[in-house]
Amino acid sequence: MDITVREHDFKHGFIKSNSTFDGLNIDNSKNKKKIQKGFQILYVLLFCSVMCGLFYYVYENVWLQRDNEMNEILKNSEHLTIGFKVENAHDRILKTIKTHKLKNYIKESVNFLNSGLTKTNYLGSSNDNIELVDFQNIMFYGDAEVGDNQQPFTFILDTGSANLWVPSVKCTTAGCLTKHLYDSSKSRTYEKDGTKVEMNYVSGTVSGFFSKDLVTVGNLSLPYKFIEVIDTNGFEPTYTASTFDGILGLGWKDLSIGSVDPIVVELKNQNKIENALFTFYLPVHDKHTGFLTIGGIEERFYEGPLTYEKLNHDLYWQITLDAHVGNIMLEKANCIVDSGTSAITVPTDFLNKMLQNLDVIKVPFLPFYVTLCNNSKLPTFEFTSENGKYTLEPEYYLQHIEDVGPGLCMLNIIGLDFPVPTFILGDPFMRKYFTVFDYDNQSVGIALAKKNL
């Protein structure tokens with residue numbers, strides 16, 4: 001049987017062929033056009049209804065569900081637990097790749113690699129000006145309030161510093177224009193100090209003066225000495241380009257300016273919490289969310305034994321571990337567990353030995369490597385001590401970059417040298433392992449993080 005199907009003519013989603021309506025017994029051409037227009041309107045309304053329904057489904061089952069899950073976790077916590085947002089450098093890396101036309105180079109290099117060849121030369125100009133940003137940075141954004149009127153601020157939760165600072169209404173630099181500003185005149189609990197101070201970070205400097213006021217984190221409030229920042233020019237362009245207002249330091253007192261106790265220690269000093277410790281839990285399934293708990297340990301965030309490693313430094317959350325990758329070994333290496341690093345940083349010599357014969361591609365001018373996601377040669381990191389063994393498989397240090405090319409991954413491993421061989425165990429490590437930062441016992445606790453709560 002010969003069945004012929006007539007293909008209708010569509011333009012911009014609307015039916016325009018009159019033959020579509022030939023089956024209707026209508027003689028009046030004006031009525032025919034009215035009906036045709038009615039069908040077009042009906043089509044638009046139907047399309048809008050479907051799209052609205054789809055949007056609502058995504059909102060209800062993805063965004064809202066994630067918020068509900070977070071609220072449920074916070075509500076059922078035994079200790080002060082706050083949710084925070086995670087922003088890392090991967091988007092900036094991909095933007096740089098596209099802006100400077102490295103995408104084709106990477107794809108071509110992969111094709112060479114698949115053919116058993118190696119592409120060693122970058123074909124661009126040696127004068128190509130690529131803006132080098134700090135690709136290893138990652139930012140954990142948490143919210144807190146200052147003043148008895150609870151002026152809201154978004155803070156970087158930084159284990160590498162120990163002071164708390166907020167931008168002041170007295171700030172005159174451009175970076176403060178888009179920030180929440182602290183106004184001491186609106187708080188009845190404000191105490192004047194006025195001591196001038198300058199804070200230095202890897203990304204730059206800020207300056208201002210000390211003040212004291214009520215600081216609220218979650219449901220806990222305490223009088224606390226902090227810095228009102230009035231000049232952020234030395235912190236540009238980082239400050240203007242980021243969404244945080246200030247920094248909440250979670251490091252050690254000896255790192256602080258003005259010999260101020262870290263806020264977690266001060267909470268214990270004022271009998272607000274039982275233990276001077278905090279923990280980080282980063283869900284594997286959600287790269288943009290994390291949980292900070294202060295004063296105690298939420299056992300539902302981890303499974304198996306919780307192993308403690310003693311600190312070997314009085315400034316940093318630094319421990320001693322033996323590092324193994326295949327037959328490459330570095331005994332008694334310093335390992336800093338850091339909430340502000342998006343990668344695993346490795347001594348350069350160690351990294352170069354590790355990458356030999358692994359079929360990876362160095363991206364020109366940028367401190368990272370690309371490979372095929374299914375590369376079976378990629379090794380597992382092993383960090384060991386007398387107390388425990390901590391492994392990091394490729395699935396944890398690989399970052400998919402499908403928009404550069406199908407099946408491509410970036411290694412979240414960066415070569416970085418210190419005077420003494422040191423590893424920084426950043427985001428990849430902290431996603432596999434639940435971490436405890438214990439001031440009281442001067443140690444870091446490590447346990448396997450639960451994948452599903």
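We count from 1, first residue shown onward.
Every residue gets a Cβ built from N, Cα and C, even glycine.
Straight from Swiss-Prot, the features:
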- Asp158: active site (ACT_SITE)
- Asp338: active site (ACT_SITE)
- Cys171-Cys176: disulfide bond (DISULFID)
- Cys373-Cys409: disulfide bond (DISULFID)
- 140-447: domain 'Peptidase A1' (DOMAIN)
- 1-37: topological domain 'Cytoplasmic' (TOPO_DOM)
- 59-453: topological domain 'Lumenal' (TOPO_DOM)
- 38-58: transmembrane segment (TRANSMEM)
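Projection of Swiss-Prot feature records onto the structure.
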residue : record         : Cβ contacts under 8 Å, 6 or more apart
Asp158  : active site    : Phe140, Ile247, Leu248, Gly249, Leu250, Gly251, Ser339, Gly340
Cys171  : disulfide bond : Leu181, Gly208, Val229, Ile230, Asp231, Thr232
Cys176  : disulfide bond : Pro167, Ser168, Val229, Thr232
Asp338  : active site    : Thr159, Gly160, Trp317, Ile424, Leu425, Gly426
Cys373  : disulfide bond : Leu398, His400, Gly407, Leu408, Cys409
Q: Quick one: average pLDDT across the topological domain 'Cytoplasmic' (1-37), no decimals.
A: 48
**Q.** Cβ atoms near Cys409 (disulfide bond) (within 10 Å, other residues, all chains)
**A.** 24
Q.
I want to verify one value. Collapsing DSSP to three states, which class is Cys176 (disulfide bond)?
A. helix
Q.
Need the DSSP three-state call for Cys409 (disulfide bond) to compare against my parser.
A. strand
